[in-house]
Amino acid sequence: MTTKPRFALPALNALLGSAMIGTLVLAALAGLLWTPFDPLAIDILGKLQAPGAQHWLGTDEFGRDVMSRLMNAAFTTLSIAVLTVLAATLTGVCLGILSGYLGGVVDRAVMMITNTLLAFPGILLALGLLSVLGNSRYGIVLALGLAYCPSVVRIVRSTVRSLRESDYVEASRVMGHSEGFILLRHILPNCLAPLIVLATSMLGWVIISESALSFLGLGVPPPEPTWGNMLAASRDNLSDAAWLAIFPGLCISFALLGVNLLGDALRDLLDPRMQR
Amino acid sequence: MFLHLVRRIGSSIPTLILVSVLIFLLIRLVPGDPAQLLLGDLATEQSLARVRQQMGLDLSYPQQYLIWISQVLQGDFGHSIQTGQAIAPMIIQRFGVTLSIVLVAIVIASLIAIPIGMIAAWKQNSRLDVGLVTLATLLLSIPSFWMGLLLLLLFGLQLGWLPVVGYVSLREDFHTGLLYLIMPIITLVLVESGTLVRMMRSSTLEVLRLDYISHARAKGVGEAMVLARHAFPNAFGPTLTLMGIMLGNLLSGIAVVETVFTLPGLGRLLVDGIYARDYPVVQGCMLFIASLYIVVNIGIDAIHPLFDPRVKDA
Amino acid sequence: MKLLACIPLLLLCGLTSAGAAANDTITVAMNADIRSTQPGVNRDGNTDGVMMHIVEGLVGYREDGSVGPMLAQSYEVSDDGRTYTFHLRQGVRFHNGETMTAEHVVWSWNRWMDPDTQWRCVSDFDGSSDLQVTEVTAVDDHTVTMTLASPSALFLANMARPDCGAVAVIHPDSLDENGAWREPVGTGPYKLEQWNHNRSIILTRFADYTSREEPMDGYVGGKEPRIGTVRILVIPDPATVVAGLQAGNIDVAPISATDARALRNASGIKIDTADNGLRNGLLIQTNAPPLDDPRVRRAVALAIDTEQVALGSSEGMATPSNSNVPISSAWYGEVQRTGYEYDPQAARELLAEAGYNNEPIEIIANQRPKVPSYDVAIIAQSMMQAAGINARVNTMEWATQLDRYSSGRYQMMSFTYSARFDPALMFEQITGDKTQEPRKVWDDPRAQELIQALSLTEDTGQRQALVDELHTLMIEQTPLIFLFPGVSIAAYRDRVEGFAPWFGESPRLWNVSITQ
């Protein structure tokens, strides 16, 4: 069976994904400067208004404008996601290189920590750190960063290990290049492709985890809006005000879809196994 | 093989010990006093001291830990601070709820997703493939709790076909119990299918490119046979690993789905325990979940070679 | 909520098992299981509520929070205020058929005061606090005297406390041969039939119950077990309770304000409310700037529209009140009606006068479903902002908030005080020396003197004067801002007759009947 490689699909995915994420980022940034209403201003008399001319996406149980809150939440969620992925990747890369390159005791210690973290439900980790750090978005970044760091460690470690003994690294050593040079010149670039792919998927996982934590009441504390805590609050009025459950969820799914499309495109472009 | 398993189990013991210490410390680092929570705003210094003493919370941390861990080693997880009930039976009962949902959901999801993933790969880049992949990506982009809320809105509130909240044990009343499980299971099936379809598709694609498939085709083996006999066994490995990870994640992490549908599962027990600073409950749940995680991983690793010739050779 | 009604009736049958609509059975929903069957030992509000059907004490609380006789026919106090003589009612039977005598009262007392029992109220009677009972004697079969070290107006109030099990008079059969607790063998209108942990508590009618003559009043007065079986189902999820009410599988249930709004138009369901003994308000930490300035605190109080907060955070069911004494209490009078007049302009002026410089003020709140903490905080925040106060809500988990409460680490806090029946105890809850008890909100020597006097004075008129003075002083100093008492909201099927929510939070099922 011969199928012609069609590059249209990854390109389309990349375009669509970037457009979706771009839209959200724009909305989030715009939300910093301007929102239709004050996202925290309550209006008891105007509570639970269905979407309409004045409040495009309706109002919540305190009469707060849903659209303004969603815009504010976009910034919170996206900034948490980006910071978390950065934190997890940086820590993970360092640990992974240490562990893969040095091997021995260091490797075993790192793997032990990694396995322990993997056997640890993220909820408690998040709650513990949140309470210790005070319930702020940085607590969530740290907690989720710790939770996702092991996957980075694993990928980097296995790449490093497979490359350490490879012919061209050996060759490089023979040519008298220092270990640091080899690391920067040969090993890190090879980690880059899988890392970019992983980081993109991680962006999606973090968005889900952050909303899930907020949904359980363990995330960013209200009244500061996040998509997750808006969804959680919507449950009380599910039968009267379905829009409160629909719009925040749409935002989360929109963001995830954008990230997933972009991730697919990147994978197609970068993952050597997928290239033909 | 057997030796390997034993070694895996052995090597997980230090991890478990580390986990138990971490859990023990972490839950105590979180502000909030179980005795205070039990007594509320009526607490006085005397009553607080009395309750702390009753619960052994007045001892030093190392003492508390040693008492707890030695009880656990004897199979006794202690008693809940809030309700005074024994924890081991509580965990088992709650786990039953979670397990029944997760197992059924994963089996259904894989029965749907594996053939679909293979067909998509087989018809790579056709309209069908693009359609299926798009659908899978869409499903992947819907978090479980939102999916759950949407199903609730549709089937529970708009159509009124299914009960909105609550739970009836299957043992108590099978038919009614089943009705309460439908929506949580559909939620998980939908959410997990997306991931499984994509995984199965990409690993099938990889296998289909290998030489032996071309050989089989060249020998005139029918396409259906090629897929079923030659491609599937080798493409299933990564998907199996994914299912293992999924199983582990779900068994511990469906607290959100349990919250949406108010199911008395293990995740809820843990989250409620955390809220109530019910130290023994949190410790028991976490240790149970961590062990489960490790067991599932070892199990998956053990059957993995059956599906991946490369691992077998190595 | 019409949508919920679509759930087939069938669905809840599993929950209540067969025969829910039986003529002689009433099904009551409760949000959590009881802690134990030993009154006043391992207990919470639900436990007290159930136990009050099974056991009784010498005295108990009336509807308005005053103390009335229960197993005692009457009682008198000696002139020096130290000796209480209880004349027991005759012919009162325990659930095992035996007749109650003075010996049982003394035996029960000794059992409760035994440190091994771990009765939570030991410290309220053994002299740890001001009150010390030195001697309890059975004078004859029907007379018991209790002697105090010094006079106290709080003795009877403490004897009547539901969280102490009303100092239940129980039969020794309540214990097994080793002296361990078996089950409550009391004198109440219902007997404990069965306790299925985490699922249900079954009470049955005590056919030999002899009622007092007076009409039913709080936990005392006439009680008649009119229903053969009371089945209390443990259902943690409010939505399940709502569905069960609609399907007719649940007869009586305490519900939340949100659910009450949803059930308003449901057929066959009645909803009643009563102000209860809980008090919702905003606590203020008075020992740090800017809130150490009484003018700033007063400005906060004036910035808040009590009525709007009360109505807005209770679906319009609560009654606004700035008093520490709940509205339904006998001690709530003209003086307690006076509070803060909503006046944002005056608030601004006071702030300017005090030199308030837009310092941030954090209001801690929690999102437990049972209390309006979060709603109150959010609404108060926006009112304070409107008056130029830089208020910000910080939502915490309840456990963390409680930790802050008991250590006093907060600026403001949206909080709900649990019920106390006697005004001295109500004010004692909020008043004290912060260096000794950091959880206390109101650290004022004059207030402590008044409370001291209140707990020593027996005379009702003098006590009312003290309560009034405390109220006025509290409003003046504004160490905290009470906004409204809690509301007991109960939904019940229309086949239930004689049921009403009341000052106590737990449903009472005596004098309740089922009509068909």
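Using N, Cα and C of the backbone, Cβ positions are placed for all residues, glycine too.
Because the structure is a prediction, the values reported are computed rather than measured.
Residues 61, 64-65, 68-69, 72, 274, 277, 279, 282-283, 286-287, 290-291, 294, 298 of the same chain lie 6+ residues outside the transmembrane segment (B:12-30) yet bring a C-beta within less than 8 angstroms of a C-beta in it. Per TrEMBL, the feature transmembrane segment maps to B:12-30 (among others).
Residues or ranges marked as domain 'ABC transmembrane type-1' in TrEMBL: B:95-304.
Here TrEMBL flags B:99-120 (among others) as transmembrane segment.
Among the features that TrEMBL reports, transmembrane segment is placed at B:132-157 (among others). Note on the transmembrane segment (B:132-157): residues 116, 119-120, 163-164, 183-184, 186-188, 190-191, 193-195, 197-198, 201, 254, 256-257, 259-261 of its chain, located 6 or more positions outside it, place their CB under 8 angstroms from a CB of the stretch.
For the transmembrane segment (B:177-197), the residues of the chain that approach it from at least six positions outside its boundaries are 100-102, 104-106, 108-110, 112-114, 116-117, 120, 132-133, 135-144, 147-148, 151-152, 155-156, 162-163, 166-171, 239, 242-243, 246, 250, 254, 257-258, 260-261, 263, judged by C-beta separation under 8 angstroms. The feature transmembrane segment is assigned by TrEMBL to B:177-197 (among others).
Taken from TrEMBL, the feature transmembrane segment applies to B:239-261 (among others). Listed by sequence, the residues of this chain that lie at least six past the ends of the transmembrane segment (B:239-261) yet keep a Cβ under 8 A from its Cβ atoms are 95, 98-99, 101-102, 105-106, 110, 114, 117, 143-145, 148-149, 152, 165, 167, 180, 183-184, 187-188, 192, 195-196, 199-200, 203, 267-268, 270-271, 289, 292-293, 296-297, 299-300, 303-304, 307.
Summarising the annotation, TrEMBL assigns transmembrane segment to B:281-300 (among others).
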